[in-house]
């Protein structure tokens, strides 16, 4: 038997079957960097319409985690797909560089000589630390394949940006939205600083739940009010319930609802006053079995009654009225500590009740609070307070309660409300809250529930506390009068002067500047405020620098903000407030949020649990493209699961896509687009279908990219590679590719189709599998651009003519029939009736209509079904043992083992009865394709 290998057009490519991504990707990155790929893309797209995705600044502290990777990869996918779609989509990476975590890291390093370092020296060390962290994170983000302007990132600590933040605050001052007040705000004991709403997260906490009695001072007045004469010496207690016993030393009043009915109840121990609807529940909690209801009054009649503090001597507490009191839980009365609750503070203001200020910045009671409490941390005081209540006979009940409680987002520790002098942005001044609610309706929220979520937050949020008592941050840069405590009337002008200095020298200017230089002779009457701004104010201001960074960008807002779903409360909110305040416009057109990363069991990632997965480890072992593919495959609108099993699944998907690309590259190794392209008119019909189907798929994929449905992109890609290409088109054309004459029109036709398809496919995967797309691009003949990222979607595809007999409907029917026949063939192979499809003779029993179509294909029909022989007969003539399709109507199939000889060249079976030319052992078709004029194909 002769060896016919040299007569075949076998596939050939250096594009490897294995990705070896972790080894190849660094070299690809090196190429991108050496050729300044980002700059090349900008130059290529400079005349196009801009799409600007504004990068939410991550914090410049610590290694990147898997959540960072998800965020940056999603942004990169969008930006690359927008570039492909004909936009100029720049990407300017951002970093938050100020704030407490950096201060704490620097403090740890200089602990031994902290007292010897000046404020400005400390700030310089913070700046150096932040810059080091930026460089560290930048390297990791670049390794993920994220293309951006890494040489010119947006850093909040850049002098120009620090100055811009001061300018923004000056405009807020000018609009009279800034005020100072002494009221309770969230306070972190570990930060020793105030916190904004965005810095609060709610977690489960075990608290002490207690019921306390406040004795009425004047018994006779209560008797008269309830119209009941008390003959015994039992005390009368107004009961309150609290989960923060530590706030009792600061209690200044008891709030009740004016419209609730309060009952006077006699028990064996004493008389109790409880809201009517909560009496039964409270008595059950206190395990009081015997009680008598003596009378009741409306809450308003108890106003200004005097109670005694439950354990502090000589302190009278008035009963006050407040509609914040509810019947949801407790007793219908709440103790009121204006230092430690916003509602308490507001209701106390109405009664001119002042704060106590007995808790210092460390969270400790100050001297002279109580000899048992002085110097005690408030979060450790509950047991002491319960002992004091028991001693004073005002304690009624204690139990532990697990409930949602505010925690510091940095330290994950419980916070307290603490009244301190702070600076606030007024959210209701000049109908700002209403404007915010109007602006969010003009934004496209993805998912849609984002609108209602941020809307509810806006409705309920308090005024924004923007001041912090720290050193590493942009200074508020304001002066207040020493006596009146009012802002200097020329503050707007002064702040602009200060901003100019900061732009040249940095934020340290404020600590070094002589007040006289700014205020002149007035300097002795004014005090320099050393508070810095909330980091959320800084990050919320970054959108105002878009025009500065992109001079051709004329929009008033960014096209998109994209962050985790926790940013409705954070960056989305702060940016919205500042933008609406300054320009009366929203800062973004679209807001897309993603969920948090959880493990395979749906548990939150935690170092203590040991279920964290480092993105760097994944990149080093599997490659960045696998990580990117995992991100794209996930439904990011919900929490995103990751595990080794899930990553293995991503690797399997990657393998299918890579192998599809490899097959195509291997089959166009001898194809020169300049010479070998076949026109649409001269193409084999199946190749036309392949190109037409690719165009349909491309439109679907582009739509998925435009809708940010990346998991749908992957699903469509997989179906295209596995089914439409892998098990249909590419499977069918192997015979034509390998066995026909090398330069035949029929073979060049399929190569033209493959060339068009791989050119489309490489663009489809480029936003997601960026490294692999770059590698594929390097193997493609005749690339217009140096890199695939400089291209737009492939534009040489064409649709099939729907008026043609062989339109999409025909081919869809053929594909369905092929899948059905494959099932019958697989069954026969499993039963060992046959070994493969080529040694089978297939008889199809079909309808008249389909019979007529298939007969047009003549002998080419067999190539569709990968068989050596096929016969088409009418459905009614099918024998009883023919297999009936359950899916395709009017289709029955008979399979027979073919008679004849196997051609050693094409592996088809043929009738060897007639003597072949020169006694050859190959079939007549192969003779034509080797020494003859070549086989002709029209359809398949």
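Note: Cβ is positioned from N, Cα and C throughout, glycine not excepted.
Record features (Swiss-Prot):
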- 563: L-isoleucyl-5'-AMP binding site (BINDING)
- 607: ATP binding site (BINDING)
- 903, 906, 923, 926: Zn(2+) binding site (BINDING)
- 58-68: motif ''HIGH' region' (MOTIF)
- 604-608: motif ''KMSKS' region' (MOTIF)
Model confidence over the motif ''HIGH' region' (58-68) (mean pLDDT, whole number): 91
Rounded to the nearest Å - Cα separation of residue 903 (Zn(2+) binding site) and residue 563 (L-isoleucyl-5'-AMP binding site): 61
Assigned conformation of residue 926 (Zn(2+) binding site) - DSSP reduced to three states: helix
Per-state residue totals over the motif ''KMSKS' region' (604-608) - DSSP helix, strand, coil: 0 helix, 1 strand, 4 coil
Additional residues around Zn(2+), ordered along the sequence, whose Cβ is within 8 Å of the centroid of 903, 906, 923, 926: 739, 904, 905, 907, 908, 910, 922, 924, 925, 927
Residue 607 (ATP binding site): tally of other CB atoms within 10 A of its CB: 8
Inter-residue Cα distance where the pair is residue 563 (L-isoleucyl-5'-AMP binding site) and the residue listed as 'ATP binding site', in Å: 23
Neighbourhood of residue 906 (Zn(2+) binding site) by C-beta distance under 8 A, where only residues 6 or more apart in the same chain count: 735, 738, 739, 922, 923, 925, 926
Conformational class of residue 903 (Zn(2+) binding site) under the three-state DSSP mapping: coil
Secondary structure composition of the motif ''HIGH' region' (58-68) [DSSP: H/G/I, E/B, coil]: 3 helix, 1 strand, 7 coil
Cβ neighbour count (within 10 Å, all chains shown) around residue 563 (L-isoleucyl-5'-AMP binding site): 21
Number of Cβ atoms other than its own within 10 Å, given for residue 923 (Zn(2+) binding site): 25
Coarse DSSP state, helix versus strand versus coil, of residue 563 (L-isoleucyl-5'-AMP binding site): strand
